[in-house]
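Peer 1: Taken from TrEMBL, the feature domain 'Poly(A) RNA polymerase mitochondrial-like central palm' applies to 185-342. The domain 'PAP-associated' annotation in TrEMBL covers 446-480. If you look up TrEMBL, you'll see 596-634 marked as region 'Disordered'.
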Amino acid sequence: MLHIYRTTARSKRALIGYGHIRQILVPPTGRQQRSPLCWPIRHCSANVRTFDTMLSTRRAEARKSILVQVSSERSYNELYHYCSQFGTIQSSHHYRVDGDGDGDCHYILLEFGSSAEADAAMQSGVFSTERPGVRARSIFLWFRTGPKPKLIAQEEPKRSLSLIDGTQPIQEAELNGLLTAAESIDDQVTVLHRVTKLNDLGKRLRFLAVRQLESSLQGMFPQAVAHPFGSSVNGYGRMGCDLDVIMDLDSRSGEPPDRTSRLVYHTKATNPNERTQVQRQLESIGDVLQLFLPGVNSVRRILKARVPIVKYHHEHLDLEIDLTMNNTAGVYMSELLYLFGQLDARVRPLTFCVRRWAQSVGLTNQTPGYWITNFSLTMLVMYFLQQLARPVLPSINRLIQLSASCPPQSSAPVTRFGEGETEWAYTFLKNPSIYGSFRSENEATLEQLLVQFFEFYSQFDFSQRAISLNLGSTILKPDHSPMYIVNPLETVLNVSKNVNLEETELFRMQVRNAVWLLEAHGKETGAPTEPWGLVSLFGPKQQERITPQMFFTKRLLNVKDIFDEVPADAPTQYRNPAVKSQVAAIQRATKAELHKLGAGGGGGSNNRTGGVEPRTSSPMEGTGVKLKRNTKRR
């Protein structure tokens, strides 16, 4: 955990709310406080939790949990005493989902001491006769009103609620207040990361959704496993992020069969076209989700996309979920980004800051389009940290070499997922020793790294060079894409293929503007009431300062504007009389030709004057990349 202390004198502005900032920067612990001169270790120890261990821990938590809808958080005491009869309650979390018109919906997540106790609580549930519907047992229940409690006062629960309203993201005004009260930009980046990242309750709820998917299909497919990937598990997720899941109906298909058994299962013949088979399976799974699973609604099947997916909303978890199949690269990429975040404590806060900046200036958008995605921005941050004189992160090829020189400390088997082009990733991502094999010698602060990031990409040659995280350096672009980032797992693909030239130039202009803002709006340069640091960088007026129209002007020109006579009150001055005579002769000859064309066409000369004046109001104007971008974005 990053601990930050400062010995410099604080201004009056920093004194406002600094106690709250100190609690965020330095979480309370039982250990002795760190000396101001003792900087944190900038690498992870060998016994750090690996990606597979993290997934196993979260799955175990979901296996021991149930979700109960209650009237409000005040129902916790009664719910605790009722559910204690099934086992020991280890932890409990409350959150609220905004309702349509009947008020907000309140939920409490209960974690028992074992999965058997959670199953006992779930099996004790009954179906309501007042709410007709498909009767399906699940971990999603509601706590109905019981008999009036006796007058004897009940004792307080042994474990209080860990969180109340734990899924609500921080408001913009409150975040700006915390950032303004920080002592430095370095502290601002740390505060931004800690108050906006996906918290423990958010991760628990996402793994409940994973468990529901698995349990709904394991009756017919006992080896079905749902693999979460993306920002929910790679350590870069923020509050409210979507959940991406890959469904594998037979996770043990690659294992050799038992040759001693003489009984073999009959199987259904599959479609020889793998893509068609995946589309049919996802369509059927979408029907199961929509018809039978509690809490699932708004199911959308996007089967014609390059990667077929099923999107749906879970009303009890207030969560958007994207379900796909056979996309092994997504799992490996999530593990790779998780590994990068574990190698150095500055990687995730810096990435959070860059993503927040890109969102505030309009570089990213939630809908698909020509703009830069959060994944592409993350790749840009990772490459920047690789190419420093003292790298903060190693290249992927260097990680493979380190993994080969560090044999695994444990021989415990791990789940092998996927084969083919991404098979090589298995060689080092599944080696627990890789987490402690690299130690960065770079001691730069987060503030220094943020400024260096903007300066680096303000001068980067996107027109000629492509970024390769495998090599930790640039290569010549294989094609004419405006921005080229080599996919680390499938090197023939471009991560930023969707980004057009306009968005690439906008990115370069915005990083230059960010450098100027950080230099001009430092803590000591402005008045105490003015925004500084990240507050000025994320300000609401940033999107209005630089627009694509500043460097992508209209290419259509009105010829009439060229040959119009100069007004008498502002005559043009010529130093050479010969040039003046030549210009006048050209104007007279051109007007005569235009007059002949207008008379020969049989139409009015007013409509022909200027040659192409009617084009200024034609549908051609404003079309192309700019109109497409603005249409989809706005």
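Each Cβ is built from the backbone N, Cα and C atoms, and glycine gets one as well.
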Peer 1: What residues in the same chain, six or more past the boundaries of the domain 'PAP-associated' (446-480), come closer than 8 Å to it by Cβ-Cβ distance?
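Peer 2: Counting only partners 6 or more residues beyond its ends, the domain 'PAP-associated' (446-480) has Cβ contacts under 8 Å with 184-186, 189-190, 346, 349-350, 353-354, 379-388, 391-392, 394-398, 486, 488, 491, 494, 504, 507-508, 511-512, 514-515, 518.
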Peer 1: On average, what pLDDT score does this prediction assign to the domain 'Poly(A) RNA polymerase mitochondrial-like central palm' (185-342)?
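Peer 2: The answer is 91, the mean pLDDT of the model over that range.
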Peer 1: Determine how many residues of the domain 'PAP-associated' (446-480) DSSP places in helix, in strand and in coil.
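Peer 2: Tallying H, G and I as helix, E and B as strand, the rest coil: 13 helix, 8 strand, 14 coil.
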